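Chemist: Take this structure, written in structure tokens, and hold onto it; I'll ask about it next.
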Amino acid sequence: MINMRSPLIQHIRLAHSSSRPYWKKNPHLDQIIRVDHAGELGADRIYAGQMAVLGRTAEGPLIQHMWDQEKKHREKFEQLINEYRVRPTVLTPIWNVAGFVLGAGTALLGKEAAMACTVAVETVIVDHYNDQLRTLMQDPNVDKEILETITRFRDEEQEHHDAGLQHGAEQAPGYRALTELIKAGRRAAIQLSKKI
């Protein structure tokens with residue numbers, strides 16, 4: 001006879017239980033968590049690239065501050081990936097490298113181009129988070145923690161956008177073309193990360 005109170009049985013029960021009601025999970029939640037995890041990884045790497053080039057300049061403290069926030073965003077979505085048992089995108093290694101290259105590449109063009117990159121990326125992300133919030137608010141059983149997390153992160157991304165404008169983004173050579181190219185790339189990355 002199996003002793004149901006044995007430490008092994010108790011451990012198995014804990015490993016297969018959770019406080020989250022997975023059977024009531026919003027059908028969009030896996031996709032939301034997957035794509036936001038990928039996006040925050042990309043943002044983390046963009047700021048790492050910018051810091052590699054501009055870390056010792058007058059813009060360094062601002063970039064570091066934004067990077068620190070992005071690291072916290074990434075950590076939170078890594079926690080949610082595990083907590084909700086969501087498969088991360090298989091494109092993670094690509095976003096890791098692409099983010100760093102984008103950050104370092106625009107920083108090599110100058111602080112204004114780095115700030116233009118920030119403005120472009122954050123414009124897309126704020127819109128993306130707003131779309132997600134609208135989707136989640138249609139669910140009467142929405143997880144309030146997820147809602148609050150996305151709202152807080154959206155507000156911080158808006159601050160990054162505004163800081164980029166205040167620090168000369170619009171003075172970047174080819175500002176309009178550069179930001180539109182980055183926005184298009186970011187939108188494509190979002191669509192790919194939702195599915196792959």
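Including glycine, each Cβ sits where the backbone N, Cα and C put it.
Marked as Fe cation 1 binding site by TrEMBL: Glu40, Glu70, His73, Glu157. The Fe cation 2 binding site annotation in TrEMBL covers Glu70, Glu122, Glu157, His160.
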Chemist: Pull out the binding-site residues from the set Glu40, His73, Glu157 whose C-alpha sits within 10 Å of the C-alpha of Glu122 (Fe cation 2 binding site).
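Modeler: Of everything listed, what lies within 10 Å of Glu122 (Fe cation 2 binding site) (Cα to Cα) is Glu157.
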Chemist: Let me check the 10 A CB neighbour count of Glu70 (Fe cation 1 binding site). How many other CB atoms are there?
Modeler: 25
Chemist: How far is it from His73 (Fe cation 1 binding site) to His160 (Fe cation 2 binding site), counting Cα to Cα, in Å?
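Modeler: Counting only the Cα atoms, the answer is 13 Å.
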Chemist: Using the Cβ centroid of Glu40, Glu70, His73, Glu157 as the reference point for the Fe cation 1 site, which residues of the same chain not in that list have Cβ within 8 Å?
Modeler: Gly39, Ala43, Asp44, Gln69, Lys72, Arg74, Ile125, Phe153, Glu156
Chemist: Counting Cβ neighbours within 10 Å across all chains shown, tell me which of the binding-site residues Glu40, Glu122, Glu157 comes out on top.
Modeler: Glu157
Chemist: Starting from the Cβ centroid of Glu70, Glu122, Glu157, His160, the recorded Fe cation 2 site, name every other residue in that chain with its Cβ within 8 Å, sequence order please.
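Modeler: Apart from Glu70, Glu122, Glu157, His160, the close residues are Ala43, Met66, Gln69, Thr118, Val121, Ile125, Glu156, Gln158, Glu159, His161.
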Chemist: Glu70 (Fe cation 1 binding site) to His160 (Fe cation 2 binding site): how many Å between their Cα atoms?
Modeler: 10
